[in-house]
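Chemist: TrEMBL lists these features:
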DOMAIN    551-803  domain 'G-protein coupled receptors family 3 profile'
SIGNAL    1-33  signal peptide
TRANSMEM  550-576  transmembrane segment
TRANSMEM  588-609  transmembrane segment
TRANSMEM  621-643  transmembrane segment
TRANSMEM  655-678  transmembrane segment
TRANSMEM  698-721  transmembrane segment
TRANSMEM  733-753  transmembrane segment
TRANSMEM  765-788  transmembrane segment
Amino acid sequence: MYLICSVSFAYKIKLIQGWALLQLLLLVSFSQAEDRVCLQMGDPENPQLSKDGDIILGGIFSFHSSWINRRDTYMHKPLPLQCISLNFRGFQHAQAMLFAIDEINNSSDLLPGITLGCKVYDSCGSIARGVRASLALINSQETTFKLSDKCTKPAQVQAIMGESSSSPCMAIATVMGPFHIPLISHFATCACLSDKNKYPSFLRTIPSDHYQSRALAQLVKYFGWTWVGAIRTNDDYGNNGMATFIETAEELGICVEYSVAVFRTDPPDKSKQIISTLIKASTSRVIVAFLSHMDIDVLLIELSQHNLTGYQWVGSEGWIFDSHTAAMDQLNSSSKELFREECSGHEDLAGVKNTFTDMSLMPIFYNVYKGVYAVAHALHDILSCNNTCNKTAQLDPFTILHHIKRIRFKTKEGDEVYFNENGDPPAKYEIINWQPTENGNVEFVPVGLYDASLPADRQLTLTNRTLVWAQNSEQVPVSVCSEKCPPGTRKVLQKGKPVCCYDCLRCADGEISNSTDSISCVRCHSEFWSNERRDTCIKKKEEFLSYEEMMGALLTAASLLGTCLTAVVMFIFFRYRRTPIVRANNSELSFLLLFSLTLCFLCSLTFIGRPSGWSCMLRHTAFGITFVLCISCVLGKTMVNVMKWFGPAQQRLSVLGFTLIQVFICLLWLTISPPFPFKNIKDFKDRIILECALGSAVGFWAVLGYIGLLAMFCFILAFLARKLPDNFNEAKFITFSMLIFCAVWVTFIPAYVSSPGKFSVAVEIFAILSSGFGLLICIFIPKCYIILLKPDRNTKRNLMGKEGPTH
């Protein structure tokens, strides 16, 4: 704080002293009325190259690429900028301007009788020096002039060619704007210079970076690079160009791992830190470089010292055509040191090979050439040139600028030259690939074209030529943060990382992704399921209890066994129908019971196989009616033992009545809401269970409930009559059969409800078969035993304690 105050105080003293001295000079000046003169402040600026002519064009180029930084003390007059690092490229640009001027002067078609001259200044790439040169071009070189002379002299130049960088152009264009003096650049590409409100007199013969940045982003996307590093020149050219690239890259799904700015005058420590902490530590293998050729030259030297190779560079027009940069890259990748021999002064210039004699940047020289011709065509129109030109016409910078914006002509090579409303030419770029030649040099091979005037999907086109990649590989390098997620997976972003960094998670069951890098999985249709790889939906397996599987075959065998055993018993009973044991307790009911048991065993087969409309309605109703018929017959036999007056007629009526009630319940069920085939997709996700929906659950449980009611009633009666003194008494056998029946169906209910899929059908079949076998074994097998093995007991005397009812 104290240091700032002291400097400020000293500065105020010097201002006061300066103001007093100025008043003294003014007093002396006005006292000498006869010699009133104005003195030019500062030292005069002389051009590095000049050529006389009727009309003078200015030129500002960088003959040097850098300068020595000095710290001004404000105690004495600052020394002139000391330029270093000779830049042959800038000198080539100036030579291209001189060549175009000579060609125009020697032409009889363009500006006949008018000669063009030039004054060319070296800016050293410095913004301050570029502005100083521009002011020198519009002012005269006289150091003094009288007050009586007009101070509003026309500018000594009608247009200025240059500069080669965007930042100096922005400063120069800002100064030139109020004077409407055209500034035509051949190499300043910053999109910011298209703003005509800020830079009304700026034009260029090279496209804006607005298009180049997008072209580079599309090129990166074309080769599948989604994870790149970015290096830019720390000026308006690099900063604006890279900002547009990053914006477009994000729209195309490209992530920038790091973005750093460098400048050729940076201290070496900064470059080393960038290389060691960013580039070395990075995982991206592609570097997008928005750099000037002067900055990348410095960067390549630093990279070679760190032995960093194998990176794929994607460059802007600032250095991609530069053979000197390409030669440096070749030397760095074979680990050779750069060296320069001192000139002796006796060399043959025809055999010299350096950046000055290199013509690889001919497109840029051509831009200078077109800029000079654009001014010449505008002057040709203003001076109404035909065979001769009107030399008396007053040239006005505003008029010249207006005509340059409207010109449209073709060069000798057939290229059309014109400017749009922003002072920019049409945007077309060649895609260049560096390819080594047999002699160890680098060849710039065109491999594609970018034309911004075409529709978006056709702007970038690449030829079928073989490209050479980093380390002379023919394989396209891979530069991604995460490998592509294959079909069957989806991308999940890594926390705190860019969108290009993600993990690949396998799709869940029932979901698929059939494309690479899917951001989500798609759920399959309800009747489909995902395959093992999760990339295709396949038809779900339909599951039902079939005859082909083991469980279905066993149940079918059991059903047929029960049917056969019932048929055998029926045959035995028919064969011995006149014996007392068969005739006891109404043989008619016995045969009806055996017939109903046969139907019970057979109705279980309707539960096996693919459900259909008729099988769903038949299986439950047939089961309900046949079981009621069975239990009605058993109930009739039981009542005979309890009520001796319950004769054959009453038995028939009871069987008929009990069965008709069940028939009525079933008809009501089928009428209101019958069972129907149903595809169950809820219980199992990976398969479809084909089953019979109950339709009306009330109807189903009414059928079962009625069967259970009759069974309980029959069991109670049989239990009460089990000890009656009668050898023909079947009550104890019926008690056991009903006990088995009730136990089976009581356990059936929870088992049926909890069994999944086809197992619920198997449980129901098992209950039917168990009930049938229980009735058959408990009621008929003891009688068959007596008939076949104990015929001596099959007499009326042995089987009855007293005469019982017979039929």
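Each residue, glycine too, has its Cβ placed from N, Cα and C.
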Chemist: Under an 8 Å Cβ to Cβ limit, what residues of the same chain, 6 or more beyond the ends of the transmembrane segment (698-721), are close to it?
Modeler: 620-621, 624, 627-628, 631-632, 634-635, 638-639, 641-642, 658, 661-662, 665-666, 668-669, 672-673, 675, 729, 731-732, 734-735, 738-739, 741-742, 745
Chemist: Who are the long-range neighbours of the transmembrane segment (733-753) in its own chain, taking Cβ under 8 Å and residues 6 or more past its ends?
Modeler: 631, 634, 637-638, 704, 707-708, 711-712, 714-715, 718-719, 722, 760, 763-764, 767, 770-771, 774-775, 777-779, 782
Chemist: What parts of the chain pack near the transmembrane segment (588-609), using Cβ distances under 8 Å and only residues at least 6 beyond its ends?
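Modeler: For the transmembrane segment (588-609), the list is 544-547, 552, 555-556, 559-560, 562-563, 566-567, 569-570, 573-574, 582, 615, 618-619, 622-623, 626-627, 629-630, 633-634, 636-637, 648, 651-652, 655, 761, 764-765, 768-769, 771-772, 775-776, 779-780, 807.
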Chemist: Give, as a single whole number between 0 and 100, the mean pLDDT over the domain 'G-protein coupled receptors family 3 profile' (551-803).
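Modeler: Its mean pLDDT is 84.
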